[in-house]
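Scroll down for the structure; my scribbles are underneath it.
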Amino acid sequence: MNPLMSPGARCALSVNVNKVALLRNTRHLGIPSVLRAAELCLLAGAQGITVHPRPDARHIRTQDVHELAALMKQWPQAEYNIEGNPTQNLMDFVRELRPHQVTFVPDSEDQFTSDHGWNLPADNERLKPLIDECRSLGVRVSLFMDPLPEVMRQVAALGAERIELYTETYASAFGTAREAEVLAGFTATAQAALAAGLGINAGHDLSRDNLTKFLQAVPGVQEVSIGHALIADALELGYAETVRDYQRCIQRAYA
Ligand SMILES: CC(=O)[C@@H](O)[C@H](O)COP(=O)(O)O
Ligand SMILES: NCC(=O)COP(=O)(O)O
């Protein structure tokens, strides 16, 4: 039982549908439908949908972002989270669509996948006005961060409401001799984030195998955004059963 979660508190599951779009883009047939995938995940109990519309449109395209925004209006209890680099194409989506949350990710345009968090204080000057603009639009800002306890106060000072813990180092250490040491770094970072008044999200390479242990060890996680492993599981189990399985993984952390 995670001691810092109040009884009954639970982490929200936001399904990242990037990889549905990646498969769809390999033919000109419009299938698998990104919109249908999101709808089926929401129907099965997902509390949010995440997209990462990269500048090269390798998976999520502008039309997907807009169509999903319209869908999310039919799901007022669920949240729409748009990820990206605010110095590239992200801010146009924020200004036009005003999602519940925007997650700033310091990716380059041709990056294979997200693989690091922001470098503070070096990035402070670039980030502050963009964070201020999102907040003025009523959009919650989450900064994609490596597990570094010492920079959490800087994140709060920039005006971001949340961090998203970049969890790849945990996922790759899971099940190895380094797991406990790596996990301790996430726990310390989360404690520092909470002390700085920040909310905590987490994501990247989370899966049914490693999710429960992460949530048991890391306090205050309000949202996990999961895409690659979840969509891979859905190819075998279907979206609904997969979402229910991930929700069971979350519930086990607080049992
Ligand atoms: C920010 C992050 O870790 C992921 O949400 C990211 O969206 C993964 O991008 P790809 O799906 O393009 O690998
Ligand atoms: N922010 C993490 C996310 O949205 C999905 O990452 P992954 O599960 O595809 O690695």
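From the backbone N, Cα and C atoms, a Cβ is placed for every residue, glycine too.
Nobody curates TrEMBL annotations by hand; they come from automatic prediction.
What you are looking at is a predicted structure, and each value in this text was computed from that prediction instead of being measured.
TrEMBL names Asn16, Arg27, Gly227, His228 for binding 3-amino-2-oxopropyl phosphate. Of Asp56, Asp205, Asp209, the residue it gives for the same site is Asp205. Thr113 is the residue from Thr103, Thr113, Thr167 that TrEMBL records in the 1-deoxy-D-xylulose 5-phosphate site together with Arg54, His59.
The maximum pairwise C-alpha distance among Arg54, His59, Thr113, the residues recorded as binding 1-deoxy-D-xylulose 5-phosphate, is 12 Å. Classification of Asp205 (3-amino-2-oxopropyl phosphate binding site) by DSSP places it in coil, neither helical nor stranded. DSSP assigns His52 (active site, proton acceptor) to coil, not to a helix or a strand.
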